[in-house]
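Features as listed in TrEMBL:
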- 12-32: transmembrane segment (TRANSMEM)
- 44-64: transmembrane segment (TRANSMEM)
- 98-215: domain 'Palmitoyltransferase DHHC' (DOMAIN)
- 141-166: transmembrane segment (TRANSMEM)
- 178-203: transmembrane segment (TRANSMEM)
Amino acid sequence: MAPWALLSPGVLVRTGHTVLTWGITLVLFLHDTELRQWEEQGELLLPLTFLLLVLGSLLLYLAVSLMDPGYVNTQPQPQEEPKEEQTAMVPQPVALRRCRYCLVLPLRARHCCACRRCVRRYDHHCPWMENCVGERNHPLFVAYLVVQLAVLLWGLHLAWSGLHFFQPWGLWLRSSGLLFATFLLLSLFSLVASLLLASHLYLVASNTTTWEFISPHRIAYLRQRSRNPFDRGLTHNLAHFFCGWPSGSWDTLWAEGEAEGGSSQDV
């Protein structure tokens, strides 16, 4: 590996996140918070649980940040001829889209300028992850938000438990200034994580993505459509997102949605 590769944005962002995570944890242990009180009293279950949650959130972060989000394979693949029965049963999907960089662009995929690749079921490019959130890592991203929010809210409570305001201002600032700054930082992160989790749970429940929700007028397969063609109800959407069931291509799902929309308009 070249030395300058260690200064790449991805390495710097992930290193910064790791250092910040353990730095905040260390601050909570060093000050007079409930964590330190439990440790001094020999009650190690809750401190160990907190550390495991912090470690779990960090591992989920690295997994989402480092894994393939669902890059489109630009190598030509041999395709089997569809059977006559299949083409008769399933309506023809939207016309094949093409990317100026990656040639073929499957349905719900989008080219990411930061990653320089097309990503299947593209949701967004996360600068904090330095990676795209797409078809393969979106479920893990939601799981990460859940665990991270739990850690942040618990950390917020722990930081508040160590803030004692009965001291003179100068003495308080020297003894608790770092803990108070940590409390403010955790408050900001908790707000951001809460909004992100709420928005992504809504998107998952309706089987849409951030890109599709924000810019439907710029997307050919959503333009001038009154409803989301991929929405199959809450239960099916959640099952498909987290478990991959029922399986099937987005083209088939889109075509079925178009057929249902057409039949409802005829009636």
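Even glycines carry a Cβ here, placed using N, Cα and C.
Taking Cβ pairs closer than 8 Å, the transmembrane segment (12-32) reaches residues 39, 47, 50-51, 54, 57-58, 61-62, 65-66, 127-130, 155, 158-159, 162, 164, 176, 178-179, 182, 185-186 in its own chain, all 6 or more past its ends. Below 8 angstroms of C-beta separation, residues 24, 27-28, 31, 33, 123, 141-142, 145-146, 148-149, 152-153, 155-156, 159-160, 162-163, 209-210, 213 of the same chain, each at least six residues beyond the ends of the transmembrane segment (178-203), sit close to that stretch. Helix, strand and coil counts from DSSP across the domain 'Palmitoyltransferase DHHC' (98-215) read 66 helix, 17 strand, 35 coil.
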